[in-house]
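Enquirer: Mind having a look at this structure? Questions to follow.
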Amino acid sequence: APRLSPLAAGAMRAAGLLLARALLVAWALLRPAGTHQCHPAGPATVLRFTDRHAEIRVPALHRVPSPLDPFYGLVRRCLDLIQQNPLPTELLRAALNDPGSVRTSQVVQYELGYVVCAAVALLFTVAVPVAGMCFCYCRSRRRCGGRLRAHRRSLGCRRHCLLACLSFTSLVILISVTCAFVTSQRVKGQMEPGLGAVPTTLRTLRQHLANVPQGVQMVVDKFEVPRKQIISDLGGLSRSVGLSIHTQLKAMTYAALSDLQDRAADLQTSLHHLQILDGTSRALAAARAELEPALRERRGRVVALLDDPRCTSCASALGRAQSLELGADYSKVPSVEKVLKAMAGLPRSDFAEMIRQGNGTFNSIPELAVERMAQVIQDLREELSHTAQKVQSIADSFPLPDYTRPASEALVTAEERSRPYLREVERFEHYRWIAGTVLCSIILLILACNVTGMALGAYGLSKREDPSDYECRGEAGAKFLLVGVGLAFLFSWLLILLVFATFLVGGNIQTLVCRNWVNQEIYKFIDTPGNLPPSMNLTRQLNLRRDSNLSATYRWVLQEPTPVPAHPGQIWDPAANVPLPSRECKSGAGLWEVLQLDRSYDLDEHLKTPKYTADFQKRLGDFTAHLGDVRLLRSEGRQDLETFARSGLDEVDYGRFQEEMKNPVVQTSLPGLARNLEGLQKMQRNSTVAGRLGAEAQALWQMQNSTVQSQEALVAKLGESVQFLSRLAPHLKERVKRTLATTASVEARLPVQAQQILRQEIGCFTRKELRYFTQYLNWVGQTLREDVASCQPLATALDNGRVILCDRIADPWNAFWFSLGCCTFFLIPNIIFAIRLTKHFRPIRNRLM
């Protein structure tokens, strides 16, 4: 495959670069301005407001998952079986309004399951101690717990069965007493903080109401956060606008400057190559004229020598010597004097300085933007101070103390009345914990007696050779078992009394309070008119709306309206046939909704963004500045390029030059002819001829080195100039025309597009700063509704009360009596198996073979 010459390869590379640069200029000119998009909101644009109102919140408590949760669920299901009656609304109404009208039969009927359990506990309390006394009497008569009368083959199997049964009951009792210990400690660990949470929560609610004005002021003062952020953004606005203009327009501007720089380089290089072309052509013509007579003389002498008869074998070189004549004639090539005359004095302007000034003016746009926008930025800073005064009106006009005073008084009364009851509960829990710990320790002592007795008895049996022999370890094991039996008889009635007392309290708390708290039957009872006495009217004491109730205040009401609402979006309470709010305390409704503040203070109206941002937005919208006036090409430079295009450079016939350059300086190769003569010299017998051949060869070499080679160097130099000019000439006018049009277009488009980018950047900045205002006002609304002026702490307090009473106290409390009850009832089989096992650890009276 043919390979390209270096000049052709360079020409192709240059054409590719020019094409790429032309496409870049075209793209920069055709790309519409304003396509740059605003930066999306990221983490840096999200404002962070320090929540200093956390100290007056009621921290929400949640049920903590526990490995004992399945056990708690089992106990609750047992209680549901014992107490299957729903909430006794009639009984509670009578007890609250007229305690004297409550009949015992009503209480017994509701507590029937507990009455049956009480009868079982009473039977256990009487029967087990009586059985213990009977056992003691029998022991005194040597009728119980004695020795076996005879040895039988089945005694081993019976002994192992009794050991297994006693071990199983002991294991069950051990597991139960362990659960009793754990749950008792959990009750003790939760009781003190739970009781302390009652006055703390009431005090926190009161502080929440009392600190609302300070909280509102704190929220208003947080306007400093967006104000500082906006001031910080204003500090970098002008430079950011200038850099954005520079960034978006630099491709177009730099491409135009680069194109202009290329045309200036083409002008300089073309002038240089034209001068080379003219001078080299003249030098080659003069050198040819000087070389022609010398070459003619040399040819005649060489031909005469080779034609000499004495020259041996010289005929082969004679033809080559006869063709020794000149080749290329550069006096025939076209003259470029006309082009040089047209370009005389070019360039008249300093293109390098012109391009440097245009580039410097364009690069100074960011600094120019800082200067032009200084005044509007100062005005915007002052406008932010006026906005802060408008925001202060939120706190100045917030009417709350008159509405929160009745609720605060009710909370103070509840806190004072709760303290004596809490102290009694704490005292009762202390006694319960002591009694439970002591009785659980006794159960552990009984288990220790069982384990020691079985171990000693089994060891004694393994050491006894004759069943009738006395063995001290077996006898000791039997006595340990009887000690455990005695302790079980002695303390079983105390165990069952503690189990029933804790069962009665914990069971009623679970079935009467917790179960109905979870399904909100308690709230329905409180909301029903007539259930509570007038002194316990929570709606009036808490200053709730007359059309509201505790259930509606507590939870998120999403019921379908039964009657036609008074206005769209209003929700009705089907039971009371009154309108209810669509969102209440449970979901974070504001106090102005629950305490009727929405009728005197429209918070949404005070938090509309345009109310605070209209002037700020108008100042930014009215701002204009001229930032794109850049002069890339002055008139004298334009004239230079136009003269260059009209110079006639493209009219020169460079093909004539290339045709002459294909011809060598001399048609016959002088080095080849000189080498032939040197070869013939070695073949001659005649020394004279040989000497003349050597002299002629040397003369040819001298002509080649002194004259021909210098002309060949001039031809190579001429070829480079011809190659450059022939490549440039066909496209010269088109390129100059495009460069002038591009430069004019860029100069005209720069101010327009700079103004468009300025408007776009200010628009982006305005939207970004408005987001700060919106974030702040949204945060203000959310904080006033859910934190500062929210009634959610009331709902949280009620939820916390249920979590503390039911999940953290009642569940382990009920698990405690359930575990202790299992221990107590499993003592009965434990007693039976222990008494029967003692006989096997003692020697047999009569041995049967």
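For all residues, glycine too, the Cβ spot is worked out from N, Cα and C.
On a predicted model such as this, the values are computed, not experimentally measured, just so you know.
Take a look at what TrEMBL says about it:
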- 1-35: signal peptide (SIGNAL)
- 112-140: transmembrane segment (TRANSMEM)
- 161-183: transmembrane segment (TRANSMEM)
- 433-459: transmembrane segment (TRANSMEM)
- 480-505: transmembrane segment (TRANSMEM)
- 815-837: transmembrane segment (TRANSMEM)
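Help me understand the surroundings of these features in the structure.
Expert: Counting only same-chain residues 6+ beyond the ends of the transmembrane segment (112-140), those with a CB under 8 A from a CB of the stretch are 81-85, 482, 485-486, 488-490, 492-493, 496-497, 499-500, 503-504, 507-508, 824-825, 827-828, 835.
If you look at the transmembrane segment (161-183), the same-chain residues 6 or more away from its ends with a CB under 8 A from one of its CBs are 68, 71, 436-437, 440, 443-444, 446-447, 450-451, 454, 458, 812-813, 815-816, 819-820, 822-823, 826-827, 829-830, 833-834, 836-837, 840.
Within the chain, the transmembrane segment (433-459) has long-range Cβ neighbours (under 8 A, six or more residues past its boundaries) at 163, 166-167, 170, 173-174, 177, 180-181, 184, 187-188, 473-474, 476-481, 483-484, 487-488, 491, 494-495, 498, 502, 816, 820, 823, 827, 830, 834, 837-838, 840-841.
Within the chain carrying the transmembrane segment (815-837), a Cβ under 8 angstroms from the stretch's Cβ atoms is held by residues 68, 71-72, 74-75, 78, 124, 128, 135, 144-145, 159, 162-163, 165-166, 169-170, 172-173, 176-177, 179-180, 183-184, 187, 436, 439-440, 443, 446, 450, 453-454, 457, 478, 481-482, 484-485, 488-489, 492, 495-496, 498-499, 502-503, 506, all 6 or more beyond its ends.
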